[in-house]
Ligand code: SAH
């Protein structure tokens, strides 16, 4: 086998994160994508002793696991890679993937409570960030998601299973409206053009909707007619916020140079487990509201009785977890990097009449050691790269009896748990929560205790 060879094989094992490992003769084939049992054609990218990295070119035969009818964009859209597998089977696969990662690090001897499915496996997303572009070069304007493995080709995903009809109506009417206006979309290659993103957010428990149209400042277009068009749509939710964000940043990310309110207010409300949260256009909020309620309930169960305890909520975002704990706790301290989120967290705590919460802006790695009070319980919910080694040292240094680790990436989770083990913390219980049905992602909640 050598580079650029075209090979055919049957996909064997799906690893966490959407990669697969298959055996071809005495060689291990590593590939991005694929479902166990599929027969695929692939191009060899790199050969090492006993291993090869390949790029999938074509699915020759479906897997017997694929018995569910996917949406019309499946295999073209880069979104839901396992939508063709029935939901119960998806859960089984994810549960095993997480368990395998624990065993690989010699982490065993704990109570494994399996995986909890999302309350909804479709229509569960409360936020979509769509991009303007075209599907084929110089074709009509599209707005939607990137085609699988492509940076510039955009599909108007009007048949997406992850969002409700309000999202679809806003998406298709926006595509039609701007197609008629013949405005250019923004091209990342030369940084020229106007239309960049369309962000739609919904308060699932409050039925409030936000539409945020993101453009460059290169054209001075009057958005009044667009706003009127949106307000005339027949939507289930209340459209309480229509925003126009000017973004001249060079990176392919939504940032804000200027925010113009076209209609209503610049935030929506959401409720979680009876608590109120205001969501601003750029702040992080769990994208599956009903799933988040389950995740936080799970975390609360893992904590058990926390009455009169001092709790640290590290990587606190808008302070959701801390506030869920604050009802019973004596005091909650949160640390979060993004200043805007910290302001929102402190405001939300006031809104919920919680006077025992203090959210602080800072990097956990640098700031946590400065907290003066001794915690009885520490909760960490880091982003995908996990907790920095120095932060693990400082967190363990507080000597609290219990730590709850909520993770969106089990690969870094298990490495961090090994590190915590070096400081005397043993894994007591583990449970997975599927916040992202039909995609390869999964959330994991772990309780570790000081031995
Ligand atoms: N616990 C929150 C947010 C979890 S997402 C919730 O459930 O909603 C992870 C958060 O960590 C993000 O808000 C991100 O901004 C923050 N973050 C990333 N790196 C950080 C660091 N080094 N120090 C503090 N916060 C960080």
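Just so it is clear, glycine is given a Cβ too, placed from its N, Cα and C backbone atoms.
Where the annotation comes from TrEMBL, it is an automatic prediction and has not been curated.
The following features are taken from TrEMBL:
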ACT_SITE  408  active site
ACT_SITE  408  active site, nucleophile
BINDING   286, 315, 336, 381  S-adenosyl-L-methionine binding site
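Overlay of TrEMBL feature records on the structure.
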residue: 286; record: S-adenosyl-L-methionine binding site; Cβ contacts under 8 Å, 6 or more apart: 292, 295, 320, 435
residue: 315; record: S-adenosyl-L-methionine binding site; Cβ contacts under 8 Å, 6 or more apart: 335, 336, 337, 364, 380, 381, 382, 383
residue: 408; record: active site; Cβ contacts under 8 Å, 6 or more apart: 383, 384, 435, 441, 443
Worksheet item: DSSP on residue 336 (S-adenosyl-L-methionine binding site), three-state: which is it?
Response: strand
Item to complete: Look at each of the binding-site residues, 336, 381, and point out the one with the fewest other Cβ atoms around it within 10 Å.
Response: 381
Discussion item. Neighbours of the S-adenosyl-L-methionine site 286, 315, 336, 381: Cβ within 8 Å of the Cβ centroid, same chain, sequence order.
Written reply: 284, 313, 316, 317, 320, 321, 382, 383, 406
